[in-house]
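Per Swiss-Prot, these features apply:
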- 33, 34, 35, 36, 37, 38, 39, 40, 41, 56: ATP binding site (BINDING)
- 27-311: domain 'Protein kinase' (DOMAIN)
- 183: phosphothreonine (MOD_RES)
- 185: phosphotyrosine (MOD_RES)
């Protein structure tokens, strides 16, 4: 049996949990961190700076047009985002030397250490930590939304946190295809806005605000706020707290089926949020009442939520970084697999690091 060709100059090969990795020699001490539906992540040390980084390898990104489209979109979104509360790219590389050989690429990002889901399992969060974490979520969302991107699947596991309680949003804007279309992966609907769960209408950026409300409530009480067993059960759980919506809201629903269903529901009174969120401060309750609104048009935006008195002590007068609009017209073009490979290869080669390589990485991107 012929042995594989030697690693590309400046690269080395290593097997990590039965998968061959071929990475740039500057990234040492590969350690598996986790894996999901689309890829695996290792931590490594950037030998130029001594900083720990996370390297993501996508599983066979070019196995189908659907996977290729997703890989291309993930790469372009990561290249686009430059905000301290949104994960961005430090580097991207391929061990393949030509377009004809191009089958894999690796995404290098700041290593954060843990995620909010794991953090909540291990400790009870104090009010000031909750405040700081929610503030960062909203700052990141304000930036993502200004770029014209909707996250769509915000949950504790998508919020990376380091030991200084600094937070970055992961996996934004990727949940565009139905998840089952990709891998049959089961999605967590507990944090999803009702209009997403039930496909009520074209949804807007405030779907992400609903998710922040669910996450914030869970941080306060230590319990998942709406834990439904299926779509309709999820809606019932939500309406036990929000109450059934008024007729004018039901009229806005685009689906006749959804309208009929909603009209047939027994009327439920809105609960007093303070009784649901024991231990929450009045300002926290007031903010949550503005986020967890069934009617998406009545929900606060990220910018409005940031202006809420709850964040008075944290508000930063410095100018927020301005988001450039993300042009997604490239993402929805119909392309052959070879064309997806070609445009992705071009994106990999055109990457410019966010700052001088070799410079000390600032605190917010390092553990």
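Using N, Cα and C of the backbone, Cβ positions are placed for all residues, glycine too.
If you draw a 10 Å sphere around the CB of residue 41 (ATP binding site), it holds 18 other CB atoms from the protein chains shown.
In sequence order, 57 are the same-chain residues whose CB sits within 8 A of the CB centroid of 33, 34, 35, 36, 37, 38, 39, 40, 41, 56, the residues recorded for ATP being left out. The Cβ of residue 35 (ATP binding site) has 17, 41 as same-chain neighbours under 8 Å, each 6 or more residues away in sequence. Taking a C-beta cut-off of under 8 Å and a sequence gap of six or more, residue 33 (ATP binding site) has these contacts in its own chain: 41, 42, 43, 54. Of all residue pairs in 33, 34, 35, 36, 37, 38, 39, 40, 41, 56, the annotated binders of ATP, the farthest apart have Cα atoms separated by 14 Å.
In the predicted model, the domain 'Protein kinase' (27-311) has a mean pLDDT of 89. Non-local neighbourhood of residue 39 (ATP binding site): 56, 57, 58, 59, each in the same chain, at least six residues away, with C-beta under 8 Å from its C-beta.
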